[in-house]
Amino acid sequence: MLPLRCSWSFARANYSTKKELVTRYSGDFPEKLLNRKQKVPTHMYIANSEAAARINQYLEPHFQSSGCDTVMELNSGAGYFTRHLLDRESQFRRIILLESMDHFMPKIQELHTLYPERVKVRQGDFVNLWKLVYMDKMDGGSRVADLLSDVPQKAFTDDINMLVFGAVGSYPFFKHLINSLIFQTSLFNLGRCEMILAMPPPIYIHLTCNNEIGYLIYRSTSVLFQILFEHKFIAKVPREDFLPQQMAYSPTKSSKLGKVQSINPEYLYLVKFTPRRNLHELCQSQDLPALWFFIKQNYVSRRNRIIPNLEKWVPGCGPRLIINPKSSESVTPIYPDELPKKLPQYSCQSTTMSTRNYYPGINIYTQFGDLLPSQILTLFSQFRQWPEYGESSFLASLENALLKLETANDEPNLEDGVTLPEEDDAEADEIIEEESPVPATTPVKRRRKASS
């Protein structure tokens, strides 16, 4: 059985004042993690040993089924969960600890001194890895390579090269993971790592929902994530088990995303996700940027109609889509033991992907928002195989988009420089109202939203 815990309301009452919080945690955590609550912190730390023990028990079957001998812990902080990793001596021969705060470094370095061959320590901000990538691109530096120097490298089709554990509340972090797979840079250049993360419910729902939730939540990012990754929900973990504390959610009438932001605000979702081993069979690596642009461009509005949009690139292609003699191949759940009724509200099961999962009865009124991720992948595969593809204006638009990527100010705003903002789009801080620990030094000019 899992250790007993206090209810959310009782635990919150126990530490409702700043003084009580500081009294309990000041020995292990710096004041800036205790002094004020945040909307949604990008970096989070396990607050106590009881929480670490609960999480360890949730992850027991996942660790046991993994043959990986390398694990990376993000922001290990006071080391509560690190102790459980150290106890798995027969499994984890290498433990990489990445820490972004100076306060915790002396204690973490002690672990390296005790286990010099097994524990490797790096100071750096993994959650903001996209910033390091951008800085390296600007000055030819090696920040990313240095931070990941202890990570074993494997071929993409091999088994996973490491497990990554942490608590992350940063939406740009997950967008960077998508871009890393698409453009074969950064983390996934070293192999397919499996991530086990505690994350805010709105982000997980946004990434794993289907079109039944509505066009405001089911975004191009949702489609890309589900095409690229296999995902599995593990458990809900109490938000009060993590520092810094979070402000109480108070819905506003003007919020477009109230129904998502109000789901389980007192919890984080413990989930795992891994890049698909057969990704390059579904879409060749050199075609991944084209797939990315195809989805981004056509989801400028999910109400865009498929045939009129594609005929802008390949005139007269509509009849090929309407009259399709090929039989469709269905997709199946990757984890059959995962019961849909036990999944978080609005999230869906991870399924296999197919390039022959045709949307039934496509017509001139069918919208891109009607298609599921596997059906979008199938549509792109059809489009890619047409003889007109090589001479289509799509490739010129793609080339222009990639050129803009090279000059974009920073990765979270790449889409603004590459495609039109999505109709009635929700910005990153609307999907999850996060607070960045490092304020931007230069205001970024944003385009006005396009109306369709």
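Along the chain as shown, residues are numbered 1 onward.
Using N, Cα and C of the backbone, Cβ positions are placed for all residues, glycine too.
These come from Swiss-Prot:
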- Ile46, Glu99, Asp125: S-adenosyl-L-methionine binding site (BINDING)
- 408-452: region 'Disordered' (REGION)
- 421-436: compositional bias 'Acidic residues' (COMPBIAS)
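All features noted in Swiss-Prot, drawn onto the structure.
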residue	record	Cβ contacts under 8 Å, 6 or more apart
Ile46	S-adenosyl-L-methionine binding site	Ala52, Ile55, Gly77, Ala78, Tyr80, Phe81, Ala167, Asp241, Phe242
Glu99	S-adenosyl-L-methionine binding site	Asn75, Ser76, Gly77, Met105, Ile108, Val121, Arg122, Gln123, Gly124
Asp125	S-adenosyl-L-methionine binding site	His43, Ser100, Lys131, Leu132
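A strand conformation is recorded for Ile46 (S-adenosyl-L-methionine binding site) in the three-state DSSP classification. Under the DSSP three-state reduction, Glu99 (S-adenosyl-L-methionine binding site) is assigned to strand.
DSSP gives Asp125 (S-adenosyl-L-methionine binding site) a coil state; it is part of no helix or strand.
Of the residues the record lists as binding S-adenosyl-L-methionine, namely Ile46, Glu99, Asp125, the two whose Cα atoms sit farthest apart are 17 Å from each other.
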